[in-house]
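Chemist: Can you keep this structure in mind? I'll have questions shortly.
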C-alpha cells in the first residue's frame, strides 16, 4: 500500500474500533429486518378460507398475504400476494423476455383443485400444486428467472437440485419469480427445480385455471378448465412461459372421485388419496406429452359424458353436458372431426402426433375455441348442434371452427412460431385451411364468395395505412397485454388472406409442397416467418414453370411487414397502372402525405370474360398495353381475378363506364365473385373519396336482373347502412330509395319468399343464402314491401299458435321484430313469457332484441323498467337500454328514460356500459343542437376522463352527421334522376 495522503480526516485507534463496532451492529440489525420483511410467516392451512386440516399433508405452507382478491380482473389486482420485496436495482428481471440462461427440458406437474360436487364454490376456490422442472444450464448464473403470477410460493418449498436457495422474490411488472442461489449453476449441467405453490381459481375471466357453473339435468354443477394461451400458464404454475421454450410434461390431476379429469395425453393410471379428514380423492396421471410450449398445456375436471369413434386407430371423444350428449347435440361434431383429421394428414403427409383427441364443449368460454394438443376446448355455441337445427348456417360455422382448431395441430402445435410477433403463422394458416377443408368436403360451395364473405370483406374495411398494424411485427418486446391484443382480425383474417394470395400466385402443388417441407423440418420445434419463406423459395428454385419478379421473402415481406394495403388504379385508355396506400376518408390532404410504401403486387385479371396471364406491379406505376380497351361495347377489363389479391381496384371513368355497360347488357358475363367485387370496391372507394358516389350507384342499375343473393347482400350492406337508416326521418331519401330498390327487388325476393313458404329445407345446404337472407329480409320489410310484412305476420302467428312451428333461423330475428312492431302488448307479453321460460341463451338474445321493436313508447318504457329492476332480465348481460336505444322508436324513448333513471341504470350496467349507451343514443341524433344538449347533460354525471371520451365520441358523430348530410343530398339527387 502507498503512503497516506498529506491531507484528510484522521481518528485514533480507539475511536476507529468503536465506529467499526457500531457499523457491524447496524448491518446485523438491517439483516434481521430484511429477513423479517423478505420472508413471511407460514399460515396454517386450516386458517385459509375453504381449506381444512386435510390440506396439511401435501400442500405447501402459504406466505402471509393481504386479504386475497378472489376475482382478479388484472395482474395488478392480485400481483402482491406475497409481502412486497425490497427495492431491487435494474437487472434482467426488468426485461420482457427471459434471459437465455436455462432451457426447460421436462415438467412433472401436479395440480389439486378443491372442487367438490356437494360444495359448489360460493367464494374463493383454491388449488395447490407442485412442479418439478428439469432444466439445462446454458450460461453460468446464480439467479434463476421463470414466470409466476397469482401464486404463493414459500422459499422453504423451492429447491434447485442441491444448490441452496438464498432468496425467492417476485418482479411483479414483468411477472417473474426470481431465485437467488448461493452458488452459480454450471453450463451444460442439468438441474431439477422443485416448487410448491397455491393459487385461486379464476371465477370471472376464462383465463388460467377457471370455473364454469352451469345447469345439467336440472341440477347446478361446476367444472374446471384451463386457458393458457397466450401467457396464462404462469397464472397456474411457475414455468418458462415462452413459446420457444418447449418441453415434455407429465401431468397429474387430483380430483373428487365423481369427476373425470382430462389432459393433453391419455390417462396412464389412477390411484386413491385420503386426506387427514378421511375424504377420498382420485389421483389421475397422464402419459408424457411431446415437446410443446406451456400455452398448449390443458386440463379439465368435469362431470360430463361423451360420445366417441375411432379414426385411423386413434380415439376421438366429444365431451359435453349429459343433457347435450343424450339429445345428440355432439353427434355432428363427432362425425366431422375424424374425416378432417384424415384429410389434413393426407394433405401434409404427416400423421397426427398424439394417440387420442378429446374435444370438450364448455357452457361458457370467452375464447370460443382453443387448439390444446390432445384436448381442444370449445364454447358450446361453436361445437354443439341440436338435431332440430339442421336449417342453420350454424352447421357450416361449426365445421369451420372445428377445422380451424384441427388445422392448429400442424400450424401451432407441431410447428410453433418462435415468438408472438409471428403469431399469424399459427392463426393465419389455420384460418386459411379451415376454408380449404370445408371446400374439400363440400366442393359445390362457392369458395371465393365464401372467403370474401367470411374473411376478406371485413378485414379490408378495418385495414388501412397510418392507423393499423402490420400482420408480422418486427418488434419483440411485448408486454403481456400487448401480446393478448395480437389475437385480432389482422392476425386471423389478414394472415389468411396472405396465405391465400401466396397460394394463388404460385399454384396449389407448389404451395402445399413448400408447406410439407416446412412442417417436416420444424416438427416439434419453432420457426420464424423467414423460415417459411425459405421453404417456399426452395420449392420455387426446384422448378421452372413459375417465375417470380423477386424472391418470395421480398414479395411477401412487402405485405406482412407494413400495415394497410394498396389501391390499384388502372387507366384503360393508356394501360397505365399505379399503386398507392389506401387511406381512410378522414385523411383530408392525402396528396400531402409522403409515402414510399409500395407492394410487389400480383395482378391476376380477366379481359372480356377470359382469364389473362399473371403480371406483376413491382413499382409505383407501370404500363400494361395489353390492358387497354377499345371503343367496343364488349371490351372490358377486371383486375384481381377471384379477389385473390389483398387490395382494392379502381379504374378511370372509362373503365367504370365499360363495366357498368356490361352489367346492364349481360350481367352473367361477369362472374358472381366479380359482380360483388365491383360493388364492394366501388362503394368503399367512394366512401373514402377515391371516386364519386355516383360512380358506385351507377353499378346498381342492373339489379333487377340480379338473382344471386350474395351480390344483393353486398349491395345492401353498402347501400342501406345504419347511418342511412338513421337519416331517413331527416332527409328526403327514404322514399326515393324505396322506389328505386323495390323496382329491382322483385326477382330476388320472389325466389326466396317462395322457398320460405313452400320448401324451406331447400336452403339447408345453401350457405350463402343462409348468411345473406337476413339482410334481404330486413331491408325488404324496412322498405315496406307488402309481401315481406305479410310473410312476417304469417310466420309469427304460426309460431305463437304452435311454438313447434319453428321460424326459419336465418330470418327469425326479423320475423320476431316485425311481429312485435305490427302487434300489440299481447304479442309483447308472449315474447316476455317465452324469454322467462327458455334456458337457451342464444334464444334469449333474439327475444331481447325483438322486444325492443315495439312502436309503443309505453311498452318500451316498461321494458326498460323491467331491465333495471328485479325481473327475468336481471341475470342477462345484454344491455336492454342500449338495445332499445338502437331501435326506430326507442331512440327517442331511451334518451328520456336514461335522463330520468341515471343512477339506477348506472348501478345495473356500470359506467362503461353507460358510455357505450351514450354513444348509441348519439348515433341516432341528427342535429348538432341535440348533440350539444346530450353532451351537457351527461357531462354532469361523468368523471373528467369519461367526459373526454364521451366528448370525443360525440364529436365524431357530429362529423359523421355532416358527412352523411352531404352524401345523402348527392344520393337523393342521383336517385331523383334514376327513379
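Backbone N, Cα and C atoms are what each Cβ position is placed from, and that goes for glycine too.
Just so you know, TrEMBL annotations are computer predictions that nobody has curated.
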Chemist: Suppose you had to name the range TrEMBL annotates as region 'Disordered'; which of 2-46, 47-91 would you pick?
Modeler: 47-91
Chemist: With 404, 408 listed by TrEMBL as Zn(2+)-binding, which of these, 386, 393, 427, is given for the same site?
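Modeler: Of the residues offered, the record points to 427.
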Chemist: I'm checking region-level scores; what's the whole-number mean pLDDT for the domain 'Aminopeptidase N-like N-terminal' (104-296)?
Modeler: 93
Chemist: According to DSSP, which of helix, strand or coil covers residue 492 (site 'Transition state stabilizer')?
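Modeler: It is helical.
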